[in-house]
């Protein structure tokens with residue numbers, strides 16, 4: 001169990017004392033509201049966090065100069081909550097206000113400026129705009145490298161962020177090189193159960209997962225889960241993330257019942273703790289849909305996929321990669337149900353998004369080509385199927401290790417199609 005509830009109790013006592021002794025717009029009251037907001041944010045109670053952060057901001061806007069650093073801190077805090085809630089455009093708006101103040105008032109290598117760049121990078125990352133994210137993360141890293149000792153945790157966080165972007169861009173070896181720099185710093189400076197280590201283990205697990213090295217991925221994901229269970233409340237969203245990650249590996253290894261168990265635990269936590277249209281809920285629904293699809297329970301799979309799509313359509317930009325994942329999933333299940341025209345429509349929507357937002361050699365693009373190939377194969381249009389499979393194979397062979405399951409599956413599909421030509 002984390003220490004946040006205990007901290008919250010102390011912060012609330014401090015607030016009560018200050019409310020009894022200070023004017024309603026006193027800066028110390030803003031500090032109390034800020035502290036309580038911080039505790040709720042870390043407990044995953046985002047709407048409560050937002051309420052207190054906004055009260056702090058209101059006081060600061062009334063009492064401080066327009067460019068005061070405390071005002072920038074308030075904008076950043078509110079941005080963090082909106083980012084956690086999946087309201088990325090609102091988050092970006094607040095982060096940019098904070099950055100504007102920092103740029104006007106601080107030296108060009110100030111740590112708060114680095115934090116602002118990092119925050120904006122995270123929003124762009126969450127929106128699927130990876131080149132923008134990388135640009136801001138590199139600005140953050142540049143400041144950290146000039147101002148911090150080589151083994152400082154904030155420097156590790158910067159390496160971690162850049163690794164995350166390269167992983168999402170499908171550049172796995174580059175991602176791993178940044179994560180190795182992280183690990184070296186974290187192992188020297190943090191206790192073995194620190195939450196930052198859990199985040200690191202999740203991220204490096206994701207790289208191995210994407211490379212098809214599932215046992216390595218599982219090992220890192222389980223380390224992350226163990227830390228989260230020791231240090232966070234049992235219904236914290238970060239624990240749900242770990243459950244989802246472990247479920248992903250079991251799903252890829254064909255262990256559907258284990259995968260479903262972890263996915264359902266994740267969904268249960270998220271339903272209790274995040275807003276009903278939070279992207280994390282959609283990811284959980286997609287995951288459960290994948291298991292039912294693998295088990296041949298297609299109507300159940302489609303139901304979960306459609307729930308995910310509905311959330312993504314409400315919360316993400318129209319060309320977000322997660323939206324493409326939803327379209328592709330629904331396309332795959334329609335293909336399995338024999339409804340090929342519907343399948344093709346959804347798979348093509350997914351491909352269109354991926355072509356706009358991802359590099360031409362990204363594995364997710366190959367996944368789209370493979371899915372469309374599957375539909376054409378089932379429709380008996382073998383020439384078209386072969387064309388899409390070959391495109392998929394070219395990318396998979398370029399981007400993935402030669403032993404990856406995706407390469408094996410596409411090669412088998414190509415052999416089947418060639419036999420029917």
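From the backbone N, Cα and C atoms, a Cβ is placed for every residue, glycine too.
Some features that TrEMBL has for this protein:
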- 30-63: repeat 'TPR' (REPEAT)
- 72-105: repeat 'TPR' (REPEAT)
- 114-147: repeat 'TPR' (REPEAT)
- 156-189: repeat 'TPR' (REPEAT)
- 198-231: repeat 'TPR' (REPEAT)
- 240-273: repeat 'TPR' (REPEAT)
- 282-315: repeat 'TPR' (REPEAT)
- 324-357: repeat 'TPR' (REPEAT)
- 366-399: repeat 'TPR' (REPEAT)
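Below 8 angstroms of C-beta separation, residues 30, 34, 37-38, 41, 44, 46-47, 49-50, 53-54, 56-57, 60, 66, 112-113, 115-117, 119-120, 122-124, 126-127, 237, 274-275, 277-280, 315-317 of the same chain, each at least six residues beyond the ends of the repeat 'TPR' (72-105), sit close to that stretch. A contact between the repeat 'TPR' (240-273) and the repeat 'TPR' (324-357) is absent, since fewer than 3 of their C-beta pairs, 6 or more residues apart, lie under 8 Å.
The DSSP breakdown of the repeat 'TPR' (114-147) into helical (H, G, I), extended (E, B) and coil residues amounts to 31 helix, 0 strand, 3 coil. Packing against the repeat 'TPR' (366-399) from elsewhere in the chain are residues 170, 172, 324, 328, 331-332, 335, 338, 340, 343-344, 347-348, 350-351, 354, 406-407, 409-411, 413-414, 416-418, 420-421: each is 6 or more residues past its ends and has a CB under 8 Å from a CB in it. Counting residue by residue with DSSP, the repeat 'TPR' (282-315) contains 31 helix, 0 strand, 3 coil.
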